[in-house]
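**Student:** When I checked Swiss-Prot for this same protein, it listed these features:
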- C271, C274, C286, C289: Zn(2+) binding site (BINDING)
- 136-148: compositional bias 'Basic and acidic residues' (COMPBIAS)
- 181-206: compositional bias 'Acidic residues' (COMPBIAS)
- 396-413: compositional bias 'Basic residues' (COMPBIAS)
- 5-108: domain 'PINc' (DOMAIN)
- 116-150: region 'Disordered' (REGION)
- 181-212: region 'Disordered' (REGION)
- 390-413: region 'Disordered' (REGION)
- 261-333: zinc finger (ZN_FING)
Amino acid sequence: MAPVEHVVADAGAFLLDAALQDIGKNIYTIRNVISEIRDKATRRRLAVLPYELRFKEPFPEYVRLVTEFSKKTGDYPSLSATDIQVLALTYQLEAEFVGVSHLKQEPEKVKVSSSIQHPETPLHVSGFHLPSKPKPPRETVEHRHPASEPEDLEFSSFMFWRNPLPNIDCELQELLMDGGEDVPNEEEDEENGLDERQDEDSDDDGGGWITPSNIKQIQQEMKQCAVPKDVRVGCVTTDFAMQNVLLQMGLHVLAVNGMLIREARSYILRCHGCFKTTSDMSRVFCAHCGNKTLKKVSVTVSDDGTLHMHFSRNPKVLNPRGLRYSLPTPKGGKYAINPHLTEDQRFPQLRLSRKARQKTDVFAPDYVAGVSPFAENDISSRSATLQVRDSTLGAGRRRLNPNASRKKFVKKR
């Protein structure tokens, strides 16, 4: 396996002790990745690496580009600031050594196309009339007695929802034709029983099992991984969100064992109130029912255009705890903080007043910088008395669950 020329390593590669010297020639990372590693064993391995680890920080324009792209794919909430910098460094190296003409500027949206066949529709459901169900076999119709025809007409509707009865005579004849006239004796069966069991055990031990020696071959057969060929820049990561963004952009993703990952997860938003789906990952409220009930679901699209959604069995995904509580009384005014309940809800713009703008006028002759000991500290305005902070700093309702128990009988200082 030819090593990749430039490899960007994430924290997962160091935690899993990946042999990066066998994967790539030049290994890059950022300093925040090393600072994330806390365990002693990994830090000891980082102190005596068998290769040169190069630290490089990405340019701000690439960080901005990757951030906007991850918002379009829906993976931005799952990415940390360090993850975005690792993605930006991979994009930067690809632009320096390969180019950006083959990279995508917009992610591919999941398209749901209708098909004539309905493979997801159950065919054999008792009590339901399904038009797409195949007709009963002709053999059973031909061998009917003519006298029973008027009786069958009254119950012809049963043929739509009941499975056709198996023809036992035909099955017995097929078994006799396959088996032949030679029937083994019981004594011979008992004698050969032990030999057959031993043969089966030996066959089970040899084939059908996934071992470290054949796991790469099985992954190649499943078309999930491949041997990297003519790859100059790649990223080694174990984060699914990072893999999805890299593959959507057209960058190369490498597994910990050095294999090239071809497929990753695609996501859509599904409303668990009206069960409608949308591929616009920037939405917060459902476009059909208007509720804040959108959940991210991983999907795969088959060749015939059918959409298969993969739901999580974790009950915490749809945990209704904290959803039933009394809403506060709506308040008006510039500094009112009301919960965001609908998509078209209007909020105050919180613009600075004219007096506040004059304080921050840097071109004024009497302007005093904030670091100066003579700078004014606002303690008399309405926003200061209400302790209104900027919304980007976490203002508003900070408690996630209003029904959570509060601490009582706290001693006051």
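Keep in mind that glycine also has a Cβ here, set from the backbone N, Cα and C atoms.
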**Student:** Using DSSP, how many residues in the zinc finger (261-333) fall into helix, strand and coil?
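**Tutor:** Secondary-structure breakdown of the zinc finger (261-333): 0 helix, 21 strand, 52 coil.
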**Student:** Other residues with Cβ within 8 Å of the Cβ centroid of C271, C274, C286, C289 at the Zn(2+) site?
**Tutor:** G273, F275, K276, A287, H288, G290, N291, T293, L294
**Student:** Give me the DSSP three-state residue breakdown of the domain 'PINc' (5-108), ordered helix, strand, coil.
**Tutor:** 57 helix, 14 strand, 33 coil
